[in-house]
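Enquirer: One structure follows; several queries about it will come next.
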Amino acid sequence: MSDRVDVGNLRVARVLYDFITNEALPGTGVDADAFWAGVDKVVTDLAPRNRELLERRDDLQTQVDRWHRQRAIEPLDGAAYQDFLTEIGYLVPEPEDFTITTANVDDEITTTAGPQLVVPILNARFALNAANARWGSLYDALYGTDVIPEADGAEKASADTGGYNKVRGDKVIAYAREVLDGAAPLASGSWKDAVGLKIDDGQLLVELGDEFSTGLQNPDQFVGYTGKLGKPQWSVLLINHGLHIEVLIDPDSPIGSTDKAGIKDVVLESAITTIMDFEDSVAAVDAEDKVLGYRNWLGLNKGDLSEEVSKGGKTFTRVLNEDRVFTTPDGKGELTLPGRSLLFVRNVGHLMTNDAIVDAAGNEMPEGIQDALFTSLIAIHGLRSGKKNGPLKNSRTGSIYIVKPKMHGPEEVAFTAELFGRVEEVLGLPHATLKVGIMDEERRTTVNLKAAIKAASDRVVFINTGFLDRTGDEIHTSMEAGPMCRKAVMKSQPWILAYEDHNVDTGLGAGLAGKAQIGKGMWAMPDLMADMVAQKIAQPRAGATTAWVPSPTAATLHALHYHQVDVKAVDQELAGKHRAKLESLLTIPLAESRHDWTAEDIREEIDNNCQSILGYVVRWIDQGVGCSKVPDIHDVALMEDRATLRISSQLLANWLRHDVITEDEVVEGLKRMAPVVDRQNAGDKEYRPMAPDFDSNIAFQAAKELILEGKDQPNGYTEPILHRRRREYKAAAAK
């Protein structure tokens, strides 16, 4: 990129400089010249420290690799291994007990347990849908998914034709009544028997027939209503475990007319928080890509992001939802609730650089430092409302919420805290305005989690287990120890069970309850919602105040779990427990015996992973899609991002390193699976098949490189190869 602006010691891409100066800075109160001088100072000062931290990662990995190679024929001695990790500084002393001091945090983080969406910031439509997913129709979520089986005449009708299957609709209504019975039980009888609702002297009454009415078992669960009493269209607002439920009443509507109580929908407070992602779910490899993400982030914070959407043959403009206003039960006051999810922004980690900013010698500067500066500047608009900042606020407490991924240990968390402090100085923000969400997704952070939290104890607003990346790091860290177990077995290994408990226990021990989120990972099968409803309740039962979901519909369905589980009570019960032992966390997931694998087992593992890798990489390289719903080898749609890619590529790289498989077998597996992926993408007009010209297909070559060179990638990360290959593709396409 030749069109650059000199900023002190730096050279900034013109597209970025113009966007920040002309679009992002106005309305923030930050002087443009002072800001760019601050950028120059922060980047110049902190880039060398960033590089030192990456060198420390490499040095530790080299020492761990050497230790395992020297003991290749010996059984692993757990005590000696732990001593070694302590000696080299991989394990650090655990700090004395402490309590985090994070202040000025929104209720969505401190007190309300509920689902958390993660969405790629480069896609404006996805970002708008996610921000608006604070409230979701339970009827739509049930009708449109497999939670209601398509049996006994309950098949879905086509939304495009306006069809509606009343048999299925009746099952949806019955399911929703069961939800109400569990979340807001009546003093007598069941919501299933309701034939009407009314408000009398500030109390909600539910008519059950024969002129009999009953109230709620807990009358305080009725907190508001909309509409005018006595009119046909109105709604009732309930609350349970801090989450709201709106019962919409309209006996003249198509659905309400089939309901004996006139209820047309039950709307659940769903995605309480949403992470707008600049990291694993996006493919941003240059200044133009970054500016696209920054511009969408600006639109979200100013409240003016919009997108033309076509649905059911109609086109409309999607915008951010307004707040929701209810009348209090006594009819005298108002209750205003947020209409949108509280937004976090996930910056990239410490590893990657980006050509948006280079130094005088042309060296790219750390992308994580750039993200911290620019996403924080933009988020100032979300702290204010007015003519220059837009009508909507994000935080009501004056905080900016940044998720920082892929940090290795306390010293990297401390560096992030230092970076955030420097950014606050540049922007003129009070200390600790920038809050941090710590992803517990790297092994060195897991085993030193208490110290990592303490390193940002006045900023931390969440810790979250990211078991996908964490598995990738588990494999790479112990690459030389021996062949790892198969991917499907990994979730039942001792380390991962201890990891999930350890995260909750450490968070509670550091006083996160009531101050910060304790989160758990993603449901990766977006079409299998019945399975999610059956299984994901385990996360709040384990003490998680939030957990990741792949779609607004999934957020609405996962919200059911927080009505069923009182997470505050669970956390009170778990407080003070230490269920996970360090020995378990350090248990390497080696295969019990490679000799138990048949040739068919090995081929199946090769094919499964090659198909997963190709299915994700081809869209990343060719289309710049960072998060895909990729069919697996059995055509089950799975959410894939760089974390799942890291696992698949690292597992095959590990097996290659230990001669479980050969390079030829890997290449043959990729060539077998490429036509499968081509077939699965046949309906995509923009898709370019990989077969049969494998040698000239950049995506195919990237997938091969990720496996064959996997053991030499920094911590097993896929970004360096993906970014280089995507740039190669973009350059070729531009010719």
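Using N, Cα and C of the backbone, Cβ positions are placed for all residues, glycine too.
Heads up, here are the entries from Swiss-Prot:
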| type | residues | note |
| --- | --- | --- |
| ACT_SITE | R346 | active site, proton acceptor |
| ACT_SITE | D641 | active site, proton donor |
| BINDING | V118, R125, F126, S281, R318, P550 | acetyl-CoA binding site |
| BINDING | R346, E441, G466, F467, L468, D469 | glyoxylate binding site |
| BINDING | E441, D469 | Mg(2+) binding site |
| MOD_RES | C627 | cysteine sulfenic acid (-SOH) |
Enquirer: Give the residue from the recorded positions R125, R318, R346 that has the most other Cβ atoms within 10 Å of its Cβ, counting over every protein chain displayed.
Expert: R346
Enquirer: Pop the Cα-Cα gap between C627 (cysteine sulfenic acid (-SOH)) and the residue listed as 'active site, proton donor' into the table, whole Å please.
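Expert: Each residue's Cα considered, the residue listed as 'active site, proton donor' and C627 (cysteine sulfenic acid (-SOH)) end up 5 Å apart.
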Enquirer: For V118 (acetyl-CoA binding site), find which of the recorded positions R346, E441, G466, F467 come within 10 Å, Cα to Cα.
Expert: R346
Enquirer: Rounded to a whole angstrom, what is the C-alpha distance between L468 (glyoxylate binding site) and C627 (cysteine sulfenic acid (-SOH))?
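Expert: With distance taken Cα to Cα, C627 (cysteine sulfenic acid (-SOH)) is 14 Å from L468 (glyoxylate binding site).
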Enquirer: When the Cα-Cα distance from R125 (acetyl-CoA binding site) is computed for each of the recorded positions R346, E441, G466, F467, C627, which gives the smallest value?
Expert: C627
Enquirer: Express the distance between the Cα positions of C627 (cysteine sulfenic acid (-SOH)) and R346 (active site, proton acceptor) as a whole number of Å.
Expert: 14
Enquirer: Across the listed acetyl-CoA-binding residues, V118, R125, F126, S281, R318, P550, what is the farthest Cα to Cα distance, given in whole Å?
Expert: 22
Enquirer: Would you kindly give the Cα-Cα distance separating S281 (acetyl-CoA binding site) and G466 (glyoxylate binding site), rounded to the nearest Å?
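Expert: G466 (glyoxylate binding site) to S281 (acetyl-CoA binding site), Cα-Cα distance: 14 Å.
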Enquirer: About how far apart, in whole Å, are the alpha carbons (Cα) of the residue listed as 'active site, proton acceptor' and S281 (acetyl-CoA binding site)?
Expert: 10
Enquirer: Reported as an integer number of Å, what is the Cα distance between F467 (glyoxylate binding site) and P550 (acetyl-CoA binding site)?
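Expert: Taking the Cα atoms only, F467 (glyoxylate binding site) lies 15 Å from P550 (acetyl-CoA binding site).
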Enquirer: Give the helix, strand or coil assignment DSSP yields for the residue listed as 'active site, proton acceptor'.
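Expert: Note: the residue listed as 'active site, proton acceptor' is in a strand by DSSP.
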Enquirer: Calculate the distance in Å between the alpha carbons (Cα) of F126 (acetyl-CoA binding site) and D469 (glyoxylate binding site), and round it to a whole number.
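Expert: That comes out at 23 Å between the alpha carbons.
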